[in-house]
Amino acid sequence: MMTLYTEILYRPLFNAVVFLYNVLPGQDFGLAIIALTAFIRVVFFPLSIRTVRSQKSLSQLNPKMQEIKQRLKGDSAAQSAEIMKLYKEHGVNPLAGCLPLIIQLPILIALYQAFIAGLKPENLGMLYGFISNPGTVNKVSFGLIDVTSKMPLMAVFAGAAQFVQAWVTKAQNKELSPNKEMAALNSQMLYFFPIVVIIIGWNLPVGLVLYWITTTLFSILEQLYIKYRG
């Protein structure tokens, strides 16, 4: 299983980031991380857009779901059956919102391992034959930050980006479904998720936090794209 994970996920990501490090001006590892993140988000853009649209459709169905719950109050089995029928009629997948997280977690793990161990000279043997071995990798990004070190300020930036994303999500959901339950949930998310991101990012390498900030900014742009382009 570990060999499969290494060959399918870890090694390709490790080679991709080293390749970008080699070809980008100044051999800046931070820029390589941003470029890799952008590439990953572009590849998964169609899936991300479908996910955001599915979440939008789910919010639009919320009034009907509330009506079903009131009409079939006390009969949870009948409620579930009616709600699933409603999902099917409108082509909505309630689990679609989990897909980005499911995709991101293994990528985060692989990048974490690359930052912790992969950048050591003795581990550059994992490079494919067509990827130039840079010898010693300069871990200092933008002339200031060691991407393998911890930097609380970057965690705060990540939390701020997460707050903006939660705020955009809250604004969209309020337009689509202004019921009290959804509003309360969105208000909790607005402050809860950014705090969680800051706590986690506080103890992660800067490179990983930089990946999270970049991917969060892409998520915000995707949500705005859906809002204004449909």
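Backbone N, Cα and C define each Cβ position, glycine as well.
Quick look at what TrEMBL annotates:
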- 29-49: transmembrane segment (TRANSMEM)
- 29-227: domain 'Membrane insertase YidC/Oxa/ALB C-terminal' (DOMAIN)
- 94-116: transmembrane segment (TRANSMEM)
- 189-213: transmembrane segment (TRANSMEM)
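Averaged over the domain 'Membrane insertase YidC/Oxa/ALB C-terminal' (29-227), the predicted model has a pLDDT of 82. Residues 13, 16-18, 20-21, 99-100, 103, 107, 111, 137-142, 145, 147, 206-207, 210-211, 214-215, 218-219, 222, 225-226 of the same chain lie 6 or more positions beyond the ends of the transmembrane segment (29-49) yet place their CB under 8 Å from a CB of it. Outside the transmembrane segment (189-213) by six or more residues, the chain places 29-30, 33-34, 36-37, 108, 111-112, 115-116, 141, 145-152, 154-163, 166-167, 169-170 with a CB less than 8 A from a CB of the stretch.
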